[in-house]
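See structure below.
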Amino acid sequence: MTQSFIHIESPNYLRLQDLPTPPDWPGIFGNDNRLALEIGCGVGDFMLKTALDQPDTNFVAIDFYNKGCDKTCRRIDRHGVTNVRVVRDEARAFVTERIPKGSLSAVYINCPDPWPKKRHRKRRLVNKEFIEFLLDYMVPGADFFFATDFDDYGIDVANALPGIAALENQFGIDLYRHEFPGYHLSKYMRKFMAEGKQIYFMHYKVR
Ligand SMILES: C[S@@+](CC[C@H](N)C(=O)[O-])C[C@H]1O[C@@H](n2cnc3c(N)ncnc32)[C@H](O)[C@@H]1O
């Protein structure tokens, strides 16, 4: 399937080819506030609300979906938000090349593609190995948030997280919760909830 490519004109869109490895994030944002990452921002509704709640955090929202990056930029531009930058890239490559180690104060991953077929499961982005990879880029005390509507994905990740010694569950003994007051709902969460599905929320902190 060919996708029409949208040229994104936004002061908050960072073209990958213009970004050094790693970029000077304080220089880009004009301050040295803490840095947080949303992987797979989709249309950016979660990012907008979360960034408005936390004006003293610099957010990088990434997605490899060009139209999503465009929609995210339009949304944050419309609201005059200055603490979000959007990049079109693949998550693992982006983190490896553009995030300094030990610099992220939070990572948000909401409703990543579930790859429901058994034989496709290995294509899922989030698993123990990926979370351990992210840990290198996070600061002590950093937050890790994961949400999915897909039972099998939710349960898999919920079971993997307690095996990562560097992380501490913020939901006590609950491996996941279906409600997370204060955490914004994304477009996909709302869509799935309207279909009667439950969301699996997880919240851990780096020790
Ligand atoms: C089902 S959508 C969810 C979008 C949004 N987080 C939400 O909850 O509404 C999954 C998004 O993750 C993006 N995505 C999946 N894997 C990715 C990866 N490895 N790197 C960057 N983006 C990815 C897809 O392009 C898509 O926009």
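In case you wondered, yes, glycine gets a Cβ from its N, Cα and C as well.
TrEMBL does not curate its annotations; it predicts them automatically.
TrEMBL names Glu38, Glu90, Asp113 as S-adenosyl-L-methionine ligands; from the candidate set Asp18, Asp63, Asp70, Asp136, the record adds Asp63 to that same site. When the binding-site residues Glu38, Asp63, Glu90, Asp113, Lys117, Asp149 are checked against ligand 1, Asp63, Glu90, Asp113 have a Cβ within less than 6 Å of one of its atoms. Using a 10 Å Cβ-Cβ cutoff, Lys117 (substrate binding site) registers 8 neighbours. The Cβ of Asp149 (substrate binding site) lies under 8 Å from the Cβ of Cys111, Pro114, Tyr188, Met189, Phe192, Met193, Lys197, Gln198, Ile199, Tyr200, each of which sits 6+ residues away along the same chain. Secondary structure from DSSP puts Asp113 (S-adenosyl-L-methionine binding site) in coil. Lys117 (substrate binding site) sits 25 Å from Glu38 (S-adenosyl-L-methionine binding site), counting Cα to Cα.
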